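According to TrEMBL, the features are:
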type	residues	note
TRANSMEM	20-45	transmembrane segment
DOMAIN	24-508	domain 'Major facilitator superfamily (MFS) profile'
TRANSMEM	100-119	transmembrane segment
TRANSMEM	163-186	transmembrane segment
TRANSMEM	213-232	transmembrane segment
TRANSMEM	350-367	transmembrane segment
TRANSMEM	373-392	transmembrane segment
TRANSMEM	404-423	transmembrane segment
TRANSMEM	443-464	transmembrane segment
TRANSMEM	485-504	transmembrane segment
């Protein structure tokens, strides 16, 4: 079977880790940095938007975004992302990874700046333009998922491929952290320059007119790192696997990789024709042959990602509510607008530092040692365990003096999401499907995940409301409360653990071995 492997692909599989690997990680990682920054920074400024645009005269509490507006502002980028994942995933297999890669980045940079420039002469029009640009921002971000993962997996060598794809994904953690830090710096600078009384003292003066610049600056910063890597993105050669196995151009594949790897690679046009012409490598996405070989794999990667994101995003977007509920952030009326942004950003950054970021790098370090399956299985198991640990004694956690324990449990849930399914669901779909369908299948899995994020964000927005209608947030119907919502999330994690059994282990195997592209005859990839 080894003899069937194209020399150019074999050269990539056995290449020592070198400079171009790191370049690829940084170039692909910067896209992810922006993705995470843009998707999460909105949750830092939603309370501020409420105070600026939805101030109610004479109300004892500061203005908040009405439910529909809050859902749109938080969720419209997800809808864009879902569409982008499907569209660019498909396009990446049709046009080539590199062609499409520059497009997605440009879209992200432009829409990131535009969403900060949202204009209008009343609250409705500002929110509408903000939502419009955040949809297209999401569309670009969506394209980055399948392309970054596919490019990295096709460039990497066999031994450390998992760690490389995980390192690209880990930039998400850095993006979330940076989002928090930028918000801290900007809100602090404005707070010191424009002092204001608390809302309870003077409702109108508590939100200084300059606060309007704060959220715009925070949203626009996301475009800076992405803009910086645009040039290098356009200079990356197309991946050899695409050029050889999909575009069937052995000569260009050999020339591109000789340059990158600094080794002589011979072109093997005949072998390319032979491999790509084999009956086993001709089936399409909607064929029975695909369902027979990869149907369960695609079902596994898509359902795991869906279930994980329900839990992951419902926690992340509602951190600020949880912080307020357990008394970590003072009552809104006791602060002015900028103080509130500062406090929320500080709390989120602390969680990111302790719970979010370390998990990603644990995955990078251990994924090629432990394997994808173990990390995902244990991750789901621990998330179920910690969610129940938060839910069962929930009343204990909310009484005064027990906040630290709650934060620790909460951080552990995050740690095992990132040192677990959040990373592996991104990695595996880029490894187990054939080259000509790889980007599409990754896009489908990722879009399924984003569907989970939409369920998590919106479902949770309504579900987590207090059961007593008198105590709900302004404009919301009564929900099932935070405690029951946590039970529901624990159940999702447990289902994810069961779906993990459908996904094969790809540790240490070449991409062609996993997808069965090396062999002209029948091939089965055994499940883990």
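Cβ from N, Cα, C; glycine included.
Touching of the transmembrane segment (350-367) and the transmembrane segment (485-504) is ruled out by the presence of fewer than three CB pairs under 8 A, sequence neighbours closer than 6 excluded. For the transmembrane segment (20-45), the partner stretch with the highest count of Cβ pairs under 8 angstroms, out of 100-119, 163-186, 373-392, 404-423, 485-504, is 163-186.
Tallying C-beta pairs under 8 angstroms between the transmembrane segment (373-392) and each of 100-119, 163-186, 404-423 places 404-423 first. Looking at 100-119, 404-423, 443-464, the range that has the most CB pairs within less than 8 A of the transmembrane segment (163-186) turns out to be 404-423. Away from its own ends, the transmembrane segment (100-119) comes close to residues 31, 34-35, 38, 84, 88, 91-92, 125-127, 129-130, 133-134, 136-137, 139-144, 147, 151, 215-217, 219-220, 222-223, 226-227, 229-230, 233-234, 236 of its chain (Cβ-Cβ under 8 Å, at least six residues beyond either end). Residues 166, 169-170, 173, 304-305, 308, 311-312, 315, 322, 326, 328, 351, 354-360, 362-363, 366-367, 375-376, 378-380, 382-383, 386-387, 389-390, 397-398, 496, 500 of the same chain, all 6+ positions outside the transmembrane segment (404-423), place their C-beta atoms under 8 angstroms from a C-beta of that stretch.
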